Amino acid sequence: MVRFSASILAADLSKLEKEIKRVEPYIDEIHLDVMDGHFVPNLTFAYPIFEAVKSSTQLPIDVHLMVTNPEFHVEKFLQLGVSRITVHVEACTHLHRTIWQIKEVGSEAFVSLNPATPVSLLEQIIGDVDGVLVMSVNPGFSGQKFIAKSLEKIRKLHEWKERYGLDFYIAVDGGINELTAHPVVDAGANILVMGYGIFKNDNLKALSDNFRK
Ligand code: DX5
Ligand code: ZN
């Protein structure tokens, strides 16, 4: 079964709670993009928005940390009751430590790869993570075009799962919609993170029925 994760970056933030309630029947989790204007060229949500989202829904919340030194922020999100933290391999000097800092308190730990970062960089950590988030756009903004080369990375991760008998999620984030969802799922992805694909979609029910059955 494919999970849908709604990236609130594309929601109408002036009515956040209403927006979450509107899409809630069609999704499985909320995706919160935390950007620091340094690791990525944009600034977004921090702790108060996380708390606002948490008070609006019972769904699990995935915090996608697009920040340098993500380990500085992990503790606070864990205290606030985050379900999953996703950190970038490019931003973590001590990735193993950060992954286990997250897992030790019972939260899920995902690792993310920018489009130019190869899957091979995860070889030593893949047995420790709960999932991999393949970025299919350069992180920073909603509404960008899907980078098709990401499919190769999803296939490779899927191959690893089979070859090494591992069980981890393969999530994909960026430019996912009715058209790109099919090849991504065929390649092996089982979590689709969508901003525009969910919040700016007039036929969300059809998309959800199609993939979440
Ligand atoms: C981009 C973010 C994504 C973004 C996806 O840096 O990580 O989560 O919101 O938005 P869409 O689905 O519109 O590309
Ligand atoms: Zn994201």
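Glycine is no exception: its Cβ is also placed from the backbone N, Cα and C atoms.
Unlike curated records, TrEMBL annotations are generated automatically.
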Name the one residue among His64, His158, His182 that TrEMBL lists for the same divalent metal cation site as His31, Asp33, Asp173.
His64
Could you check which of the recorded positions (Gly140, Ser142, Asp173, Gly175) sits closest to His31 (divalent metal cation binding site), going Cα to Cα?
Asp173
In whole Å, note down how far the CA of His64 (divalent metal cation binding site) lies from the CA of Gly175 (substrate binding site).
16
Nonlocal neighbours by CB distance (under 8 Å) for Ser7 (substrate binding site), same chain, sequence gap 6 or more:
His31, Leu32, Asp33, Ser142, Asp173, Val193, Met194, Gly195, Ile198
Among Asp33, His64, Gly140, Ser142, Gly175, the recorded positions whose C-beta sits under 6 Å from ligand 2:
Asp33, His64
Applying a 10 Å Cβ distance cut-off over all chains shown, what neighbour count does Asp33 (active site, proton acceptor) have?
26
